[in-house]
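Trainee: What Swiss-Prot records for 1-203 is region 'Precorrin-2 dehydrogenase /sirohydrochlorin ferrochelatase', and it gives sequence analysis as the kind of evidence. Residues annotated as NAD(+) binding site in Swiss-Prot: Glu22, Val23, Pro43, Glu44. For Ser128, the entry in Swiss-Prot reads phosphoserine. Among the features that Swiss-Prot reports, region 'Uroporphyrinogen-III C-methyltransferase' is placed at 216-470, with the record citing sequence analysis. Under the heading S-adenosyl-L-methionine binding site, Swiss-Prot lists Pro225, Gly301, Gly302, Asp303, Met383, Ala412, citing sequence analysis as support. For Asp248, the entry in Swiss-Prot reads active site, proton acceptor, with the evidence type sequence analysis.
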Amino acid sequence: MEFFPIFLKLRHQRCLLVGGGEVALRKARLLLAAGASLQVVAPELAPELADLAERGELEHLPGRYAPALLDGMRLAVAATDDAEVNRAVAADAEARGILVNVVDDAEASRYISPAIIDRSPLMVAVASGGSVPVLARSIRARLESLIPAGYGRLARFGSSFRDAVKARFPDVDARRRFWETVLEGPLADAVMNGDEAAARAEMEKRIAAGGADRAGAVYLVGAGPGNPDLLTFRALRLMQQADVVLYDKLVAPELLELVRRDAERVYVGKARANHALPQDDINQLLVDLARQGKRVLRLKGGDPFTFGRGGEEIATLAEHGIAFEVVPGITSASGAAAYAGIPLTHRDYAQSVTFVTGHKQDGSIDLDWQALTRPQQTVVVYMGVSTAAELCQAFVDNGRAASTPAAAVEWATTERQRTVCGTLAALPGLMASHGIASPALIIVGEVVELADKLSWYRRSENSAVTIQED
């Protein structure tokens, strides 16, 4: 380990910054954010540094660097464009026992500045030992997306109860277990969402109860159309916190790999006419698991409120007083259309888009065909693979031309994606001959003509295939 990671308390400590350019400005911002009493030595200052000096946030020492300026300093930063000056600052600081950083010169530095994720009082630092700063910044950018701003609020909330928790749980292990239950789950969500009053009341209740009766919750999460890169940050965080996950056939296997490793997995089916669990049983299972104090992830393909029966599930949760949260996902229609190069609306082709389901109810496809066959619109059919022939014929029987462009997109947004494009007359045969199976969507409308020109997604030579009618 080349550098020992520490955090310095610099509030009201004297620090010297040598240099007045843009690089020095970046260092000044960090030092001021830490509360340092900052002096900047340089003949001239960049405009923003000069503005900070005018406002009294730092002191400008006009002129050139001299060793005596280091006297009484706690920390020094050399940020000029002159390597000799920077090295002189480093040598003089070393001689006085002052921590010194030389920008872009780890060898001359006694300390380096890491890439920082600031969720004060929570701080995360990432460093590459000064060898590849760009890599550290890249990792910081990834972590930024996984650590919401609300974590700072959560850290302050926890700090305010630290003494009370320590008094209630003298045993270190018991205290740790208590904090683990508090810092993940509904109480933490309430804090991060700004409902601190409710969180405080719940926290006081839990402390008084000795941490018993951990409250469970259900997270209804849209997993998107299949590509893990299309998950929302919130969805990913909840997937990695869940104690148990209920998933169905429409959730891509790649997405399940992102669920917490030790989470219990419950397959609930939902394939056409082959449900591992009936919907009522799924609803009740969500209630039962939450009542056991578990964080339950109900993971659904696409968006839970678009033909996902999410409304039925949370209605049951609400009836039983179970805490729940809904995380929207990219609905399959949006994902499939975008990755197949088929705009759902287009000024020249379609002024509206309609989503329908191709599932039969009471033995027939009960849709408003008069509305669906109007010109200048796109119709997207969910769950229509098994009824494709009937659907396409119904479009024609109700007024759409048999030559109307139509497409089916299978396993949209994944490497297994296949798109077959044809017409209402030809599509069922194309789907059958190419073995198109669920999960797949059918898109009907003139916008399908654009797929030949706008199809862009192809991970490799053999993935994301587009098949056009001969």
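Heads up, the Cβ atoms here are built off N, Cα and C, so glycines get one too.
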Trainee: Apart from Glu22, Val23, Pro43, Glu44, which residues in this chain have a Cβ no more than 8 Å from the mean position of the Cβ atoms of those residues at the NAD(+) site?
Mentor: Gly19, Gly20, Gly21, Ala24, Leu25, Ala42, Leu45, Ala46, Leu49, Thr80, Asp81
Trainee: What is the biggest Cα to Cα gap, in Å, among Glu22, Val23, Pro43, Glu44, the residues listed as binding NAD(+)?
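Mentor: Between the most distant Cα atoms of the NAD(+) site, 15 Å.
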Trainee: Max Cα distance spanning Pro225, Gly301, Gly302, Asp303, Met383, Ala412 (S-adenosyl-L-methionine binders), Å?
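Mentor: Pairwise Cα check on Pro225, Gly301, Gly302, Asp303, Met383, Ala412 gives a maximum of 14 Å.
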Trainee: Whole-number Å only: compute the distance from the Cα of Glu44 (NAD(+) binding site) to the Cα of Gly301 (S-adenosyl-L-methionine binding site).
Mentor: 59
Trainee: Taking just the CA atoms, what is the gap between Ala412 (S-adenosyl-L-methionine binding site) and Val23 (NAD(+) binding site) in Å?
Mentor: 46
Trainee: Expressed to the nearest Å, what is the distance separating Pro43 (NAD(+) binding site) and Gly302 (S-adenosyl-L-methionine binding site) at their Cα atoms?
Mentor: 59
Trainee: Hey, of Glu22, Val23, Ser128, Asp248, which of those recorded positions are within 10 Å of Gly301 (S-adenosyl-L-methionine binding site), Cα to Cα?
Mentor: Asp248
Trainee: If H, G and I count as helix, E and B as strand, and all else as coil, what does DSSP give for Glu22 (NAD(+) binding site)?
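Mentor: Helix, per DSSP.
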Trainee: For Val23, Met383, Ala412, listed as binding-site residues, tell me which one has the smallest number of other Cβ atoms within 10 Å.
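Mentor: Output over binding-site residues Val23, Met383, Ala412: least Cβ neighbours within 10 Å is Val23.
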Trainee: Which residue, out of the binding-site residues Glu22, Asp303, shows the minimum number of other Cβ atoms inside 10 Å of its Cβ in this structure?
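Mentor: The binding-site residues Glu22, Asp303 were compared, and Glu22 has the fewest Cβ atoms within 10 Å.
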Trainee: Taking the Cα atoms as reference points, how far is Gly302 (S-adenosyl-L-methionine binding site) from Asp248 (active site, proton acceptor) in Å?
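Mentor: Between the alpha carbons of Gly302 (S-adenosyl-L-methionine binding site) and Asp248 (active site, proton acceptor) there are 12 Å.
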